[in-house]
Amino acid sequence: MTAPASGTAPRTRPTSPREMRRIAFAGAFGTGIELYDFLVFGLAAGLVFPHLFFPQSDPLMGTLQSFMAFGAGFMSRPLGGIIFGHFGDRVSRKTMLVITLLATGTCTVAMGLLPTYATVGALAPALLVGLRVLQGVFMGGEQSGAFIMVTEHAPQGRKALLGASVTAGSPIGSLLGIGTFQIVVLATGDAFSQWGWRIPFLASAVLIGIGLYVRVGISESPEFERLQAESKTRKVPIAGVFSHALIFLVAGILVNLGFNQFIFIVNSFTTSYAAQTIGFSQSEVLLAGLVGSAGMLVVVFIAGHLADRFGMARVMAVGALFQIVWAFPYFWLINSGSLPGLFLAMVAAYVGLSFVFGPMAAYYVSLFRPEHRYSGVALSYNLGAVLGGGLSPSIATALLGHFHGSVGISVYVAIGGALTLAGLAISSRHLNRRDATTDDQVTPAELQGAGQLG
């Protein structure tokens, strides 16, 4: 079913400031748990999984296999995006967010209970990869759904700023994940590689309980309530994405692909590279990531505010250009073996990438119309995550082995920044051509700001 002409839809009640704060917190906290779950796996993949689950391989190959297990969770995310996007567009935005949060966290706790290769042999890595794939399915509907829920509730002129509360959940999750790992590494010492690594995974149970309490209490998206009231939900929402928004699907894939290339090299690959190849201690690398995540937590809101004033694509392009410029200095500083160089490299990377990440929620929501928005956002965002974040640690490890240095990785990172710019340019051209209607949750001016680079 297609949308009726502009102006025929009844307006829904505005979201109160108090309710908006609760919704923003629910989006941030849920996304924080998602990033926590992903990050503890990524850190463990670089630090302990090679000898716990892949001991039959040499150190470099064991690390590569661990990162491939990490990437397996990304590979299943588009499937989750299709499944939860479908039901999020047809049944309920809110219900999908509750289900994905509970299931994602449950998979993380289960990973903390797994036997290792020394106990059950080849079954151990098989179980690890299986849980990771299942977790990826549920994560496929998590962050994209939070993007939509917060932005559809947000008032005009503050969508990027309030949407930044969802992206702020990622540095919150990073702070929780890195902080937990740092504490556990220091507290357990040599026992960390024996049993201490399980603690961050099991701790996810506490976060799940808090997240569920917050999310169950929020109201349904007013845009979705309006779609249901007017019987405008589609039987197959994903069909609308391919028939009416294919160019925006491509743009969304490119934007997140480039961003994820660098951010997962920073928060996952660097942990292994800086410690095992350059010689930094695990605690030093984790602390640098902790400081960088704290910087990102602040800057995503600044970027969101600037995006509401000057246009989302303009602000995001600044971050993409930074990625291109910083690709080589990032590794030069780490390779110097200097602790200040490590901190400068990682903190600057987190802060610079915040200009892409901060406005991302409102940007993705602006690409797709409400009747197929969950499907479009989930598929484009997660395909970008697969091609960028899911593959980048493994590709970086392979490039390191092939070139015997970081030059190939720097080129790879710079290409990622160029892909983000390409996605922004594509959406710039086509968003400015698309007529804005009252069926969209963005005004014509905001659509222009979302896409216009010049």
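Quick reminder: no glycine exception, Cβ is built from N, Cα and C everywhere.
Predicted-model confidence for the domain 'Major facilitator superfamily (MFS) profile' (23-435) is 89, expressed as mean pLDDT. Per TrEMBL, domain 'Major facilitator superfamily (MFS) profile' is recorded for 23-435.
Under the heading region 'Disordered', TrEMBL lists 435-454.
Under the heading transmembrane segment, TrEMBL lists 23-47 (among others).
As annotated by TrEMBL, transmembrane segment applies to 67-88 (among others).
Proximity of distant same-chain residues to the transmembrane segment (95-114), defined by a Cβ-Cβ separation under 8 Å and at least 6 residues beyond the stretch ends, is recorded for 26, 30, 33-34, 37, 40-41, 80, 84, 87-88, 124, 127-128, 131-132, 134-135, 138-142, 145-146, 149, 198-202, 204-205, 207-208, 211-212, 215-216, 374. According to TrEMBL, the feature transmembrane segment maps to 95-114 (among others).
Annotation source TrEMBL lists transmembrane segment at 120-139 (among others).
Residues annotated as transmembrane segment in TrEMBL: 160-187 (among others). Proximity of distant same-chain residues to the transmembrane segment (160-187), defined by a Cβ-Cβ separation under 8 Å and at least 6 residues beyond the stretch ends, is recorded for 20, 24-25, 27-40, 43, 143, 146-147, 150-151, 153-154, 196-197, 199-200, 203, 207, 267, 282-283, 286-287, 289-290, 293-294, 296-297, 300-301, 303-305, 307-308, 312, 350, 357-363, 365.
With a threshold of 8 Å between CB atoms, the same-chain residues lying at least 6 positions outside the transmembrane segment (199-218) that come near it are 19, 22-23, 25-26, 29-30, 32-33, 36-37, 40, 43-44, 94, 97-98, 101-102, 105-106, 108-109, 111-113, 149, 176-177, 180-181, 184, 188. For 199-218 (among others), the entry in TrEMBL reads transmembrane segment.
If one looks beyond the transmembrane segment (239-265) by at least 6 residues along the same chain, the residues whose Cβ comes under 8 Å of a Cβ in the stretch are 42, 316, 319-320, 323, 327, 349, 353, 356-357, 360, 363-364, 367-369, 371-372, 375-377, 379-381, 383-385, 387-390, 392-393, 396, 409, 412-413, 415-424, 426-427, 430-431. Feature annotation from TrEMBL assigns transmembrane segment to 239-265 (among others).
Counting residues 6+ beyond its ends, the transmembrane segment (285-303) has Cβ neighbours under 8 Å at 43, 160-161, 164-165, 167-168, 170-172, 174-175, 178-179, 181-182, 185, 266-267, 270-271, 274-275, 315, 319, 342-343, 345-347, 349-351, 353-355, 357-359 in the same chain. Sequence annotations record features per position, and here TrEMBL assigns transmembrane segment to 285-303 (among others).
The transmembrane segment annotation in TrEMBL covers 315-333 (among others). For the transmembrane segment (315-333), the list of distant contacts is 255, 258-259, 262, 266, 303, 306-307, 341-342, 344-345, 348-349, 352-360, 363, 406-407, 409-411, 413-414, 416-418, 420-421, 424, 453: same-chain residues at least six beyond its ends, Cβ to Cβ under 8 Å.
Under the heading transmembrane segment, TrEMBL lists 339-365 (among others).
The transmembrane segment annotation in TrEMBL covers 377-401 (among others).
Per TrEMBL, transmembrane segment is recorded for 407-426 (among others).
Beyond its flanks by at least six residues, the transmembrane segment (339-365) meets 144, 146-148, 150-152, 154, 159-160, 163-164, 166-167, 170-171, 252, 255-256, 259, 262-263, 266, 270, 274, 280, 284-285, 288-289, 291-293, 295-296, 299-304, 307, 312-313, 315-316, 318-320, 322-323, 326, 329-331, 333, 373, 377, 380-381, 420, 427, 441-442, 450 of its own chain at Cβ-Cβ distances under 8 Å. Simply put, out of 23-47, 377-401, 407-426, 377-401 has the most Cβ pairs sitting under 8 Å from the transmembrane segment (67-88).
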